[in-house]
Amino acid sequence: MTDLYAEALATFAALYAEAQNSAELEASAMTLATANVDGRPSARTVLLKAFDARGFVFYSHLDSAKGRDLQTHPQAALLFLWRSLREAGIQVRIEGGVQLVSADESDAYFASRPRMSQIGAWASLQSQTLGSRAEFDAAIAKVEATFEGREVPRPEGWGGFRVVPQAFEFWYGAKFRLHERWRYEADAASHWSKRMLYP
């Protein structure tokens, strides 16, 4: 890990801790932007579940729209917006390639989830058309009956994705739109640079 990458990661960690201890309702909420095989972009909010020097991890159904996007076009952008921080909020952008996390990591995280969340992962055919709420409720009841009295295993089609950073951008809001921006970016040889940007 290069010094500048370590600096960017440490900066994120400090800001994330600040957001977790602030008035933010959900500091781990991040916008995930992907593109499908035709290059059509899509964005949605997901929750950050872990981060370290290897990257930023979230979990999903692998056959969801985002899962299909990431398996056919394994690049993504993340956006954290913490409005309650500092003078006028802080925004962090992270861009990078995407990898599936190991089965062991996915198993460990799935086992830590509330039981009803585990059941929901089995019952939901994420991103597919649903005829009615009653249909979903019936699927939930069926899964509950199937696993009654025993642990709920991780579905084969459910797992984690890791965004491996190739760029970080930190935006510090200020009055009169006189913001401060810093960008860390890796080149093709994985050499990191740091520069200040006009707001």
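Here the Cβ of each residue, glycine as well, is placed from N, Cα and C on the backbone.
The Cβ neighbour count for Leu48 (FMN binding site), using a 10 Å radius over every protein chain in view, is 19. The feature FMN binding site is assigned by Swiss-Prot to Arg44, Thr45, Val46, Leu47, Leu48, Lys49, Tyr59, Ser60, Lys66, Gln91, Gln126, Ser127, Trp171, Arg181, with sequence analysis given as support.
For Lys49, Tyr109, Arg113, Ser117, Arg177, Leu178, His179, the entry in Swiss-Prot reads substrate binding site. The Cβ of Leu178 (substrate binding site) lies under 8 Å from the Cβ of Pro199, each of these being in the same chain and 6 or more residues away along the sequence.
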Quiz item: What is the nearest of the binding-site residues Lys49, Tyr109, Arg113, Ser117, His179 to Trp171 (FMN binding site), using the Cα of each?
Solution: His179
Self-check item: Long-range Cβ environment of Tyr59 (FMN binding site), under 8 Å and at least 6 residues apart
Solution: Lys49, Ser106, Tyr109, Phe110, Trp158, Gly159, Gly160, Phe161
